[in-house]
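Q: What TrEMBL records for 97-108 is compositional bias 'Low complexity'. Taken from TrEMBL, the feature compositional bias 'Polar residues' covers 109-125. Residues or ranges marked as compositional bias 'Acidic residues' in TrEMBL: 421-430. Residues annotated as domain 'Zn(2)-C6 fungal-type' in TrEMBL: 20-50. If you look up TrEMBL, you'll see 59-83, 97-126, 421-441 marked as region 'Disordered'.
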Amino acid sequence: MAPENSVAASTKKRRRPAVACERCRQRKIKCDTQSPCNNCTKARNHTCTYVSTHIPKSRALKSRQATTSEAQSGPRPLAPAVGKSITSSADYITPSFEPFPGSSSSPSNTHTSIATPATTVSHTNWPRVGANKLEVKQSQDHALGFRSTGCILVSQDAATPPIRGSISKTRYFGQSHWMNGASMFPKELGTLVNEEADQGELFQALHKCKLLGRKLKAQRIQPILSTQLGENMPSRQDADVLVENYINTFEGIFRIVHIPTFRADYQRYWQDVNSATDALVLLIKLCMALGSTVRDDSDDWKPTAMQWVREAQVWLMLPPEKSRLTLQGIQIMCLILLCKSVVGLGQDLTWVLTGAVVRNAMYMGLHRDPKHLAKMTTYAAEMRRRLWATIMELNLQFATEAGGLPLISELDYDTELPANLDDEQLDDEPDKTRTSPPSESALTQSTIFIALAKSLPFRLRLINDVNNFRSVESYDRTLEINTTLSETCQEFSAKMNSLIGKKPSPTATAPINSCHVLFGEMLLYRFFHTLHMPVVTKAFDDPKYYFSRQICVSSSLKLSSMWGFNGTKSPNEVLDPGVASFRRLAIAGTGVFRNIPALSLFILSRELLEQRGTSASGLGLFPAATNHDLRVHLESFQAWSLERIKAGETSVKEHCFISALLAHTDALAQGLDAKAITKFMIDKCTESVTLTLGILTDLAEKAGIMGENANVEGVVDYNDDMAAFSMDWNSGLDWENGSLWKSGWWQMNIMPNLDDFNPGVCP
């Protein structure tokens, strides 16, 4: 009996959860488990309540411990990892870079440790398969109390991360936005703030320029109708020049059209204008709009180019919208993005519009490699790969311009790189480019395009690391990324130099040229600014960041030399046609052709103010510069801004601001005191605005806004509200909307403590 009693004592009776209401349990009667139940209804009892299900304490504790253990160990891998890591702190987990070449990081390290508030999560490999990724996130969310936001896991108890950006009215500028560089000049901006408040001679002259600029911009935008989409075509002779300009500049960097097919359609259009579809007409117009920016008379073509872009935008909105989901529709969308950025029609919003293009492309399956889809011809498969790579490059560049995130990662697509083939080699045979890939050493129309696309995953992770407001700042990480970026740029430049002497394929009807090489280098080297600008302002006070300071200066000199701002050009020098086209784009174009030079200008100006006669040393990859060299570059930037106004730019504040920078450096060299420096700067700015006012007046007369004998006072209206007169130096290179001077935007940005600013530079 003793053994039986022992077994009975050790066996616990299973407790069934109660399902009846409390009153029925007390009365020991059957309950229908309704609310209220039938017995309580008959008894007219209005407090029919139920108790929560009871779970023994020991059993619940074991269940929670098991769940936490599963979450920490992670699910079984469903696919091999792809080598990307996620760096995290106790507050947040952010996407990070894969181990860089030469790094000691091991891709086999798959352990993930859960950090306490004083520790950091170790690197882990992120699975590629979506199901596995979702399983990991769900288990961690359940065990740790995290909520998921995209690919970032944010602790509910995490402290608010730093802003790492700035607010301009309704816009948020991330760290890669070029305007963050303007905060390095509190002396210049402060002087302009005070001048606006005093409403002196400079203030009045600036307003005359601003109002004339508004008249010019309004004159360029004319109403359009959907019935006018095929009209307003130039002569055949002009159209031929504009189309060839586009092919010889943009098409080698952004592969959008199939050149032989496009030229054949273009010829058929002129043979029978009435039979052409609206899509073809708009495709031709958009190519011509981009080609017009290379012409010496680009200011004459600007109103027409803007009209063509707006026609294409109207066409995209016309029903049925599903009919735009074709390769030709995607081509038009890509060209619209380029036109808005380069022609200057709402270029600040291109990043927003690019998101819609990315989703249209994904809806058409361009994010999946054609080998996973239906069997396709070489032409169809390669055009899909080219368009996807182009969209990804545009998305990356415009995200960098806006200081935003690309909002897409390698996990979201598997489309492979296009094949290194000329357009004439794309035929209607089954696609064999994956099984028998062509040689990568051959020089084709897509060579530069493919070389850029190879670094796209790395640059996507770079811009995410810079602009993600949850990223943890680490200068060691910045230096590690810089090493990979330097290797990428060196590899690209070496490849371009090795191809310059090669003869293009005899089948290529539009071979690459020096414009494509310079264009590609500009889009790549700009990321040195993107990477180092968040810390470069600290370098003037903390020697720890001196490397970033020198990298930014050296890369700015490299870019400045591409545009011919090094003062080495002789008056009788005959430029290579490709070089001439590239430099013309810097004068007539907007977007990257204005913002990248502006940021380079800020960096070189700040360095010149800091050195005041001290020579700088290069870092091997870039040229070195003395104080005199920096001065020459700044003078070239000033001349460049004047040429931009002659080419149709309506804002004169760019030239005025450069004049203030040069005046500041001259005043420091002369040893003037603070009051004299301010007066000297205002005098030079007044001279600048007087000069640019004359140019704008000539443009207004040419556009028919004012007659030959009319003066500016007869055109502009000074009865407007004075708030409309503010010059808004910090809202963009247009600087046309409202005022940010008195809001202190430039004080709250990169340099929050202006009291620590070098008094020798900003007296």
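Note: Cβ is positioned from N, Cα and C throughout, glycine not excepted.
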Q: Taking every residue in the domain 'Zn(2)-C6 fungal-type' (20-50), what is their average pLDDT?
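A: The answer is 83, the mean pLDDT of the model over that range.
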Q: Taking a Cβ cut-off under 8 Å, which residues six or more beyond the ends of the compositional bias 'Acidic residues' (421-430) line up next to it in the same chain?
A: 258-260, 375-379, 382-383, 438, 444-446, 505, 507-510
Q: In the compositional bias 'Acidic residues' (421-430), how many residues does DSSP call helix, how many strand, and how many coil?
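A: The breakdown for the compositional bias 'Acidic residues' (421-430) reads 3 helix, 1 strand, 6 coil.
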